[in-house]
Amino acid sequence: MPQIYKKFVKNKPFFYLTEYIRINKKNKKIQVYLGKSIPNDLSHYYVELSGKEKRLTQKNLSDLFAFEKIFNQEQIGKIEDLRIELKYRMLSLSDAKRERLWNRYAVQFIFESNAIEGSRLSKAEVNSIVKNSYIKKNIERREIREVRNSIAAFNFLRRGRFRLNQHQIINLHKALMKDLPTNTGYKRVEIIVNNKTTTPVGGVRREMSMLLEWWKKNKKSARHPLAAAADWHQRFECIHPFEDGNGRVGRLLLNFLLWESGYPPILFLYQNRKLYFSALDQADEGRKNKWYWYVIRAYKNSIKWLLNESKH
C-alpha cells in the first residue's frame with residue numbers, strides 16, 4: 001500500500017508518494033514527487049507510480065516468478081501489467097466507488113457461476129435479488145435462495161473472516177446450501193461426473209488434507225499465484241468433495257486464493273461453459289495446457305472487466 005512521506009530540505013517540506021516492492025527478499029523503493037503540499041486528487045500520481053512499478057516488475061520478472069511452458073515470461077508479464085494497473089486504479093477510487101465496483105463484480109460473478117451450474121436467472125434478476133429490490137413472482141424460491149446464499153458466501157470470503165481449512169470449507173458449502181434440499185458436509189454417496197468417477201467417499205478427507213498441504217507449499221514457491229490457483233481449482237473439482245455445489249464452492253475458493261495472494265479475482269463466463277468443462281476434463285487426464293490457456297485468457301479479461309467497470 002503506497003504511503004505519503006514528507007522530507008525536509010532546508011526546513012522546507014517536500015511530499016512523495018512511495019511504494020516498496022519486495023524483490024529477492026529486499027524492498028525496492030519507487031516514488032513520485034507530489035510537491036510542497038499534498039494534492040487533493042492523487043489519481044494522476046497513482047498512474048505515474050503504476051508505470052514505475054510496471055517497469056520495475058518487468059525488469060525483475062525472472063527474480064519474482066518461475067517461468068513455465070504456458071505461464072511463461074510473456075504471459076506473466078502481461079498479467080502483472082494488468083494487475084498493477086488495477087491496483088492503482090482501485091487506490092484512486094473513493095471508498096464508496098470501490099465498494100460499488102465490488103458489488104457489481106459480486107453480481108456478475110454470482111450470475112456467471114450459478115449459470116454455469118444450470119441457473120436460468122438473468123443478470124438483472126440476480127441483481128434484483130442481491131439488492132432485495134423487486135423480484136418477479138415467477139422466479140422459483142430455490143433460485144432466489146441460491147443467489148442469497150451465494151452473496152453471503154462471497155462476502156464471507158472477501159471480508160477476511162474465512163480461513164483455508166477443511167472445517168471452514170465445509171462451512172462455506174453449508175452457507176451456499178442453506179435451506180436447500182441438499183446434504184451438506186462431505187459427500188456420503190459416490191459421484192460420477194461426465195462418466196468419470198471422483199474421489200471415493202472414504203478418501204475425501206484425506207485428499208482434501210493433501211490438497212491443503214500442497215497449497216501451503218505452493219503459495220510459498222516461485223510459481224505465479226494464478227498458476228498455483230489454477231492447479232488448486234482443477235484438483236479440487238477432481239476430488240468433488242460434496243454431493244452438490246462443487247463448482248460454485250470451487251470458484252469461490254479459487255478467488256479466495258487469488259485474494260490471499262494479493263491478486264484480483266477471476267470470472268469464468270457462462271458463455272464459455274463448454275470450454276471450461278472440457279479444459280478441466282483434459283487437465284484431469286494430465287493434459288493441462290488447454291486449462292492453463294483458458295485460465296490465463298479468463299484472468300486477463302476479468303481484470304480488463306474490472307478496469308472498465310471502475311470508470312463508471
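The backbone N, Cα and C atoms fix where each Cβ goes, glycine too.
As the structure is a computational prediction, the values presented were derived from the model and not from experiment.
According to TrEMBL, the protein carries these features:
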SITE      Glu117  site 'Important for autoinhibition of adenylyltransferase activity'
DOMAIN    164-308  domain 'Fido'
ACT_SITE  His240  active site
BINDING   Asp244, Gly245, Asn246, Gly247, Arg248, Val249, Gly250, Arg251  ATP binding site
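Sequence features, as recorded in TrEMBL, placed on the structure.
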| residue | record | CB count, 10 Å |
| --- | --- | --- |
| Glu117 | site 'Important for autoinhibition of adenylyltransferase activity' | 15 |
| His240 | active site | 21 |
| Asp244 | ATP binding site | 18 |
| Gly245 | ATP binding site | 23 |
| Asn246 | ATP binding site | 21 |
| Gly247 | ATP binding site | 23 |
| Arg248 | ATP binding site | 24 |
| Val249 | ATP binding site | 23 |
| Gly250 | ATP binding site | 21 |
| Arg251 | ATP binding site | 23 |
Sorry to bug you, but what's the C-alpha spacing from Glu117 (site 'Important for autoinhibition of adenylyltransferase activity') to Arg248 (ATP binding site), rounded to the closest Å? 8
By CA distance, which of the recorded positions (Glu117, Asn246, Gly247, Val249, Gly250) lies nearest to His240 (active site)? Asn246
Taking DSSP helix as H, G and I and strand as E and B, the domain 'Fido' (164-308) has 94 helix, 4 strand, 47 coil
On the domain 'Fido' (164-308), the mean of the pLDDT values is 96
Applying the rule Cβ within 8 Å of the centroid of the Cβ atoms of Asp244, Gly245, Asn246, Gly247, Arg248, Val249, Gly250, Arg251, what extra residues of the same chain belong around the ATP site? Glu117, His173, Leu176, Phe242, Leu252
For Glu117 (site 'Important for autoinhibition of adenylyltransferase activity'), what is the secondary structure by DSSP, using just helix, strand and coil? coil
I need the CA-to-CA distance for Gly250 (ATP binding site) versus Glu117 (site 'Important for autoinhibition of adenylyltransferase activity'), whole Å please. 12
Rounded Cα distance in angstrom between Arg251 (ATP binding site) and Glu117 (site 'Important for autoinhibition of adenylyltransferase activity') is 11
Show me the subset of Gly245, Gly247, Val249 whose Cα is within 10 Å of Glu117 (site 'Important for autoinhibition of adenylyltransferase activity'); these are the binding-site residues I mean. Gly245, Gly247
